[in-house]
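For 1-21, 512-552, the entry in TrEMBL reads region 'Disordered'. According to TrEMBL, the active site, proton donor annotation covers Glu113, Glu347. The active site annotation in TrEMBL covers Asp254, Glu368. Annotation comment: TrEMBL describes Thr471 as Ca(2+) binding site. If you look up TrEMBL, you'll see 514-528 marked as compositional bias 'Basic and acidic residues'.
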Amino acid sequence: PRAGRGFLPVSTERAVRGPPGPGLSAPCLCRRERVRAMFYHAYEHYLESAFPYDELRPLTCDGQDTWGSFSLTLIDALDTLLILGNVSEFQRVVNVLQEGVDFDIDVNASVFETNIRVVGGLLSAHLLSRKAGVEVEAGWPCSGPLLRMAEEAARKLLPAFQTPTGMPYGTVNLLHGINPGETPVTCTAGIGTFIVEFATLSHLTGDPVFEDVARKALKALWKNRSDIGLVGNHIDVITAKWVAQDAGIGAGVDSYFEYLVKGAILLQDKELMSMFLEYNKAIKNYTKFDDWYLWVQMYKGTVSMPVFQSLEAYWPGLQSLIGDVDNAMRTFLNYYTVWKQFGGLPEFYNIPQGYTVDKREGYPLRPELIESAMYLYRATRDPTLLELGRDAVESIEKISKVDCGFATIKDLRDHRLDNRMESFFLAETIKYLYLLFDPDNFIHNDGSDFDVVVTPYGECVLDAGGYIFNTEAHPIDPAALHCCRKRKEEQWEVEDLMREFYSRKRTKKFTLKRAPDHGEGEKAKDPEDASSENAGEKRSSKKSSHSLLSCPSQSFNSKLAVLGQVFLDNT
């Protein structure tokens, strides 16, 4: 191992799972266990041959740094370990990361990739730590070593946002900030893919700077959309001039749209959802043809590239989140035909010609079509979606599996391989396949099971489901965002509901005294004044309290997240 890194042994202790739950058929059980075996084949060879480097090179059985020298595969795979039930390895890797990962290094890192993989992975692992049996410190989830690591990594990215427009540079030096001469041209996704991680960080730490910069970047893109409602592919973050004017849903743009929807659900933010729905109208009007989505000129709407990109395959899953399941299934089936043609999704597929595009024939084991299958299966239970999962397992094992892991497919036409296994293979592809075949996984919790934890701000409900996956498939528990600050409006809403309930039932008298809050910026109450107060008195905007129950407030009721879908509520 390199200097400064802790040695990680190869052995992994696997948790023993019981018999399948009532929702798991024998074929699903068999495929789930095949996916588990795929994970360990890749993971153990990473530990043996590549750690502490970022990624495994499976053809030469060694490692390489790719995105910043963070032992990235280990961070990306951490929450997958728990989803597979391996709590002992999760606990051990948490300790290794605390001891071995250092962000004070002279490395030029992608702002986008560091956020989704490192910040997202650490936040997810932090929020899952208690479930994984890690001994959490007092104040969790509002404090903890993984949270501090995530915050440290995110702070290294903040200099990138110091631009006249608020849109970030694409690259930052982790030690020195923005390099002189750094290009100001950034892709749209590299600007609009921060709200999930940065808002979570702000809510957990109490520092609003992260959510503030993420929102400013989102709104800058919105402000600079074209008159017909589209955004281009690359923009100058200094001048706000569009450098690449191709508009579509794929590479360079994709996760911007994804984060408007997921940010809206996570934060119950009506504005973000409204922005996406406006974009969705323009996308349907100008880019959709026979349930395919093409690339068009952002100002004129004329077709510029009649291609399907593999990164676009996330779109049916995103459509399912806004309740547009029928359109999602039709588009998914189009994409599935491409998979069946090649045994994977080529990076670019020429729709009129029905074949790959020159120099874009590869498949780096991307997760997007499997991701959409997982979401749509939760919404529809259509067995066709399980067939895609079966085909994915067969294709990846047959074409990509080598002695030291799974290799990127360089060319789907002749199945030549490339010497790389991206960290997202363990973070996303394997995870979504496993969840597709494991309907009883805790990730799919419908709210029937939950934990109550005590924080410095009162009791908090966690692990009730409704997890929001970031674009690297790291699950965030939305309830955690309401654990680490006092929210008087939420407390009063709960109290009012409880009073109404007991009033109607007329079973007993209900009163609730608010505990005085001596927080920052507020004056301690005189004991005589406090003794005369009770729950029936008029609320003062200057008084706060310790919430007995903190849970997500429904600040707008037009969306309801249930089992991976958001249904319109017209009542």
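Placed from the backbone N, Cα and C atoms, the Cβ positions cover glycine too.
Here the features listed in TrEMBL are painted onto the structure.
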{"residue": "Glu113", "record": "active site, proton donor", "contacts (Cβ under 8 Å, 6+ apart)": "Trp67, Gly68"}
{"residue": "Asp254", "record": "active site", "contacts (Cβ under 8 Å, 6+ apart)": "Ala189, Leu311, Glu312, Tyr314, Thr471"}
{"residue": "Glu347", "record": "active site, proton donor", "contacts (Cβ under 8 Å, 6+ apart)": "Gln309, Ser310, Leu311, Val357, Arg360, Glu361, Gly362, Tyr363, Pro364"}
{"residue": "Glu368", "record": "active site", "contacts (Cβ under 8 Å, 6+ apart)": "Ser310, Leu311, Glu312, Ala313, Tyr314, Gly317, Leu345"}
Original post:
Over all shown protein chains, what is the count of other CB atoms within 10 A of the CB belonging to the residue listed as 'Ca(2+) binding site'?
Top reply: 25
